[in-house]
Amino acid sequence: MTTPALLPLSGRRLPPLNLGASAFPHHRATLRLSEKFILLLILSAFITLCFGAFFFLPDSSKHKRFDLGLEDVLIPHVDTSKGGKNLGGFLIHGQGHDEHRHREEEERLRNKIRADHEKALEEAKEKLKKSRDEIQAEIQTEKNKVVQELKRKDSKPLPPVPLPNLIGINSGEPADPDIREKRNKVKEMMKHAWDNYRQYGWGHNELKPIARKGHSTNIFGNSQMGATIVDALDTLYIMGLHDEFREGQEWIDKNLDFSVNSEVSVFEVNIRFIGGLLAAYYLSGQEVFKIKAVQLAGKLLPAFNTPTGIPWAMVNLKSGVGRNWGWASAGSSILAEFGTLHMEFVHLSYLTGDPVYYNKVMHIRKLLQKMDRPNGLYPNYLNPRTGRWGQHHTSVGGLGDSFYEYLLKAWLMSDKMDTEARKMYDDAIEAIEKHLIRKSNGGLTFIGEWKNGHLERKMGHLTCFAGGMFALGADGSRDDKAGHYLQLGAEIAHTCHESYDRTALKLGPEAFKFDGGVEAVAVRQNEKYYILRPEVIETYWYMWRFTHDPKYRQWGWEATQAIDKYCRVSGGFSGVKDVYSSSPTYDDVQQSFFLAETLKYLYLLFSNDDLLPLDNWVFNTEAHPLPVLHLANTTLAGNPAYR
């Protein structure tokens with residue numbers, strides 16, 4: 001893998017730009033003041049007071065008074081001849097007013113300023129007597145006060161909301177001892193990944209399992225936000241690893257802080273953090289997860305401040321300043337980014353009663369509905385300033401993928417009431433099937449990429465999620481084509497399994513071609529890597545749920561064994577750089593999505609269907625389960641799409 005940082009990193013992903021941590025200076029909301037700076041502040045305050053006294057003290061020798069510019073002042077006059085009860089109009093009090101009262105006022109002001117000077121001098125003397133440690137302790141105390149005040153303001157109680165009917169959150173034990181053993185193996189792998197992250201990368205976003213230290217990428221900015229902790233929580237919970245879950249909850253409660261000067265990917269933070277926190281809340285009922293999700297969502301909202309309402313790709317969590325990736329088609333936003341917010345934002349509005357989140361994503365939908373689409377296809381790039389498409393590149397893999405997924409899942413999450421989303425999904429899939437889906441000479445069904453009127457016969461690992469999507473969307477498809485789409489899902493699953501089976505490691509490459517005699521095989525060196533991705537296993541799981549064909553469990557077990565054999569190291573799990581080499585080198589990154597998605601889908605594959613049943617739960621694109629919102633519970637019933 002020659003340029004890993006320029007390639008898609010996880011789930012439904014886009015390529016992040018590898019600027020490195022040094023590109024973003026690290027600041028905190030509270031300043032680290034040195035004791036020298038404190039003394040300088042004190043002395044400057046003292047000098048300011050002295051100058052104030054020199055210029056503004058009244059000159060008593062000349063007995064001047066403060067002149068308000070009024071020659072005559074109207075003063076109410078009490079008629080005392082009638083017992084002081086009656087106001088007898090006004091006295092005119094002019095130039096002959098008593099000077100004695102002015103002298104008293106001047107003397108009082110002089111005494112006050114003198115007292116203030118003496119107090120400032122005493123405070124300065126006391127500061128100068130203190131040791132360096134005492135001064136630092138005082139600074140830290142003040143910083144802690146500021147932080148606690150910010151937390152208090154951010155932790156406003158949210159309105160009580162009835163939880164949806166949550167079914168199947170801690171079951172799924174298979175009766176078959178062989179399947180149970182395989183499920184326990186996946187759980188052991190999760191424990192190995194978590195324990196090593198806990199030991200070597202705790203609080204960092206990800207882990208370098210060979211170097212045994214923390215790791216991060218620029219999608220998280222320059223901050224350590226514990227991405228692996230948030231991403232892994234719901235997997236820990238459904239596996240019954242409750243001690244580890246409580247460790248993560250404690251870290252989040254005490255350390256997860258969004259008031260950082262850090263530029264993050266709106267898309268990645270939404271699917272990993274907001275999705276992960278919401279899922280942890282629904283599964284456990286712990287309020288801290290809901291509160292943190294809402295705090296973070298508020299930090300993302302400034303990204304929508306564009307001329308069109310299409311959000312920027314990145315936003316600074318502290319300043320709210322947004323921008324797009326430099327490589328993205330003349331400053332465009334990316335379809336798979338701004339189109340992968342709906343699930344999380346609808347749940348935010350549901351939990352808070354605040355329609356702002358729902359309105360943001362519905363505005364995006366309305367704008368897209370008005371736009372012309374070349375050949376019925378959605379290009380991957382849209383300019384947030386002009387509202388026009390960028391280059392005409394359409395993909396069901398990186399840059400496009402999860403947009404289509406979220407159209408289908410918006411319909412499912414609404415208890416199949418959001419028919420507008422379902423229609424958009426059906427229209428898009430028909431265009432994709434017409435223009436992008438082909439059969440190879442060897443009979444393998446694949447999904448290519450449309451580039452300026454030309455079909456590129458290449459499929460990415462990311463695109464392999466589509467097999468599961470077609471199966472998930474089969475029920476409810478137009479023209480009674482449920483059987484057709486279930487079969488299409490099976491064909492995609494078969495193609496993606498072939499991409500695994502045709503390698504030395506039995507793990508799939510990042511992308512594979514269908515040109516000439518080459519089928520389901522990577523050609524370029526920088527497409528031969530495997531970075532613990534979940535999409536193929538995700539499709540196996542969906543196909544298992546809908547067909548119960550045992551081959552999907554068999555294929556999933558093959559992948560489990562390959563990951564354990566070739567990606568496992570003593571410090572966790574690492575991606576590999578060449579799946580066609582029998583002795584591969586490691587990339588030394590344990591991705592957070594490995595714990596959030598890959599291991600979760602494997603565990604579900606070897607569990608009974610009553611664990612997170614699909615009639616009650618919809619998984620976001622990072623595999624975080626969110627409950628279906630039935631009309632009786634939702635705050636969004638006023639929307640025409642839900643009627």
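Here the Cβ of each residue, glycine as well, is placed from N, Cα and C on the backbone.
The active site, proton donor feature in TrEMBL is assigned to Glu268, Glu510. Here TrEMBL flags Asp401, Glu535 as active site. Annotated Ca(2+) binding site per TrEMBL: Thr621, in sequence order. Residues or ranges marked as disulfide bond by TrEMBL: Cys464-Cys496. Among the features that TrEMBL reports, region 'Disordered' is placed at 148-178. Annotation source TrEMBL lists transmembrane segment at 37-57.
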Counting every protein chain shown, other Cβ atoms within 10 Å of the Cβ of Asp401 (active site) number 31
Quick note, Cys496 (disulfide bond) and the residue listed as 'Ca(2+) binding site': C-alpha atoms separated, nearest Å, by 19
Among Glu268, Asp401, Cys464, Glu510, Thr621, these being the recorded positions, pick the one whose CA is nearest to that of Glu535 (active site).
Cys464
Among the recorded positions listed here (Asp401, Cys464, Glu510), which has the Cα closest to the Cα of Thr621 (Ca(2+) binding site)?
Asp401
